[in-house]
Amino acid sequence: MDQETKTSGAGNSPEREGNSFLKEAWGFIKVFVITAVIILLFVNIVAHPVTVVGDSMYPNLQDGEYGFTNLIGLRFSAPDRGDVVVVTMEDDVNGDGTPETTHWVKRVIGLPGDTVEARNDVIYINGEPLDESGWLDPAQKQEILDEIQESYGREYGDFTADFGPVTLGEDQYWVMGDNRPHSKDSRDPSVGAVNRNQIYGDGVLILFPFNKIGGH
């Protein structure tokens with residue numbers, strides 16, 4: 001009986017308990033490292049988190065919405081007209097004259113080689129009016145204009161002011177916000193057409209707030 005008691009006590013020696021703790025700690029570290037590597041690979045190769053800042057894509061995307069943009073799709077195909085994209089820009093976000101790298105969420109309007117212009121509130125691509133009903137219907141446009149009139153006490157004018165014509169180069173895209181009166185985009189001389197390598201992600205999957213979950 002005494003021998004059995006001694007043997008049982010030896011199994012719980014400090015040395016064995018220490019080894020058990022080290023094994024558990026090492027197991028935790030391995031799981032942590034593997035998880036971190038998977039997350040890093042995911043956000044740098046597959047999809048990257050993005051936060052919608054401002055109202056330039058209202059009503060389809062709204063300020064503060066959070067989700068992911070698709071990175072891997074751009075490795076196999078070019079952005080198409082109407083796609084929501086995330087564009088890398090150098091912008092003076094702090095107003096101190098020092099540009100910083102930011103990501104803008106915009107919509108592709110013009111493709112390489114296109115001639116883009118706006119006349120009388122209509123966007124033309126190569127002389128043909130662009131059908132935007134798939135992402136922006138007349139009722140939504142009027143809603144935005146009514147909000148501007150209510151805020152400023154005056155009519156804004158055309159939803160899309162005249163510009164162009166502008167002919168894009170072989171690697172250039174014309175991007176605009178859905179909320180034209182409140183969007184800094186390719187129409188601004190300081191922005192202009194964006195190059196293919198500036199387009200960081202294609203599409204935005206909103207995950208928060210939960211009642212807005214969905215892809216754009």
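Using N, Cα and C of the backbone, Cβ positions are placed for all residues, glycine too.
According to TrEMBL, the protein carries these features:
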TRANSMEM  25-47  transmembrane segment
DOMAIN    27-207  domain 'Peptidase S26'
ACT_SITE  SER56  active site
ACT_SITE  LYS106  active site
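Counting other Cβ atoms within 10 Å of each Cβ, the lowest count among the active-site residues SER56, LYS106 belongs to SER56.
The two recorded residues, SER56 (active site) and LYS106 (active site), have Cα atoms 8 Å apart. In the three-state DSSP scheme, LYS106 (active site) is classed as strand.
When averaged over the domain 'Peptidase S26' (27-207), pLDDT in the model lands at 88.
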